[in-house]
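Novice: So that we are looking at the same thing, I have put the structure below in structure tokens.
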Ligand code: HEC
Ligand code: HEC
């Protein structure tokens with residue numbers, strides 16, 4: 001099983017990390033080696049590396065939903081700020097071919113060339129994601145009673161749940177949620193919780209983006225055994241997850257949040 005290697009990495013991470021935790025803000029564990037899984041050939045396009053400056057102009061059409069800098073205000077639209085060029089280019093190619101099914105994005109992607117996709121990807125990759133705040137409400141009942149909501153997600157993110165075959169998310173998406181810029185492993189940190197929860201629910205139901213050689217069934221396997229509560233907890237943990245040093249706007253965001261009881 002390919003996940004056995006990831007679980008090995010997760011165990012190493014678990015042994016080496018300390019759990020200093022503040023309420024509401026989420027402190028990433030130390031940076032670790034990426035898990036040794038095969039690199040995914042992302043977009044199958046002949047384009048060269050994107051040009052962020054050219055991409056800025058081309059991304060104007062996306063601003064209404066995704067925000068000018070990729071920090072969408074409306075949580076139904078995913079944040080693209082800080083997302084990796086190859087990941088963005090891959091998703092745009094999949095929308096265009098219909099292999100990732102979304103009527104809105106089919107319309108926007110269908111006019112883009114492979115080079116446009118790389119340029120737009122490079123532009124959003126050059127922006128910084130503005131994270132949100134994780135939900136630290138204490139859970140009243142059930143298997144996770146008395147734990148803070150985001151802590152349920154944090155534990156899964158860092159260590160997975162070997163008994164249920166859930167690998168540690170950070171093995172691929174990084175301790176601070178930055179993913180891996182050189183590969184198709186996306187940044188997750190700071191993403192709207194609603195978007196992440198929808199994606200995880202769809203993955204759990206077997207959604208795979210891409211067909212044949214483009215198919216990447218990893219996440220369908222990862223999410224297969226997550227409960228609804230675990231999905232919501234992961235999503236809120238991820239919304240607050242960020243590299244503190246890298247996110248100057250985070251404190252302003254935290255100040256604007258309602259007081260925590
Ligand atoms: C009318 C609103 C709208 C506009 C305009 C729009 N998008 Fe989207 N975009 C969406 C929605 C909704 C989704 C989520 C679709 C899904 O769940 O697959 C999305 C998803 C995406 C994703 C996948 C993000 C991820 O994390 O996997 C990318 C990349 C993307 N859009 C890029 C663009 C680009 C580039 C443009 C401009 C050329 C653009 N979008 C314009 C609504 C929009
Ligand atoms: C073995 C590596 C690996 C592991 C472990 C992993 N992921 Fe992923 N994840 C990926 C890859 C690769 C993609 C992109 C899939 C694609 O492009 O088809 C992805 C995509 C996602 C997305 C969609 C991102 C977006 O912007 O649309 C979410 C959400 C996600 N993963 C959450 C998680 C969570 C939560 C966990 C832990 C429970 C996890 N992942 C564990 C590799 C991994």
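Cβ from N, Cα, C; glycine included.
Automatic, uncurated: that is what TrEMBL annotation is.
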Novice: If TrEMBL says 169, 172, 173 bind heme c 2, which of 207, 219 does it name for the same site?
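Specialist: Record source TrEMBL; matching candidate: 219.
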Novice: Specify all same-chain residues, apart from the site residues 62, 65, 66, 105, whose Cβ lies within 8 angstroms of the center of the Cβ atoms of the heme c 1 site, ordered by sequence.
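Specialist: So the extra residues in range turn out to be 63, 64, 72, 77, 80, 104, 108.
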Novice: Determine which residues of the same chain, besides 169, 172, 173, 219, have their CB within 8 A of the center of the CB atoms at the recorded heme c 2 site, and list them by sequence.
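Specialist: Near the heme c 2 site, beyond 169, 172, 173, 219, sit 167, 170, 171, 179, 185, 188, 218, 222.
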Novice: Just name the most isolated of the binding-site residues 65, 169, going by other Cβ atoms within 10 Å of its Cβ.
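Specialist: Taking 65, 169 as the binding-site residues, the minimal 10 Å Cβ count falls on 65.
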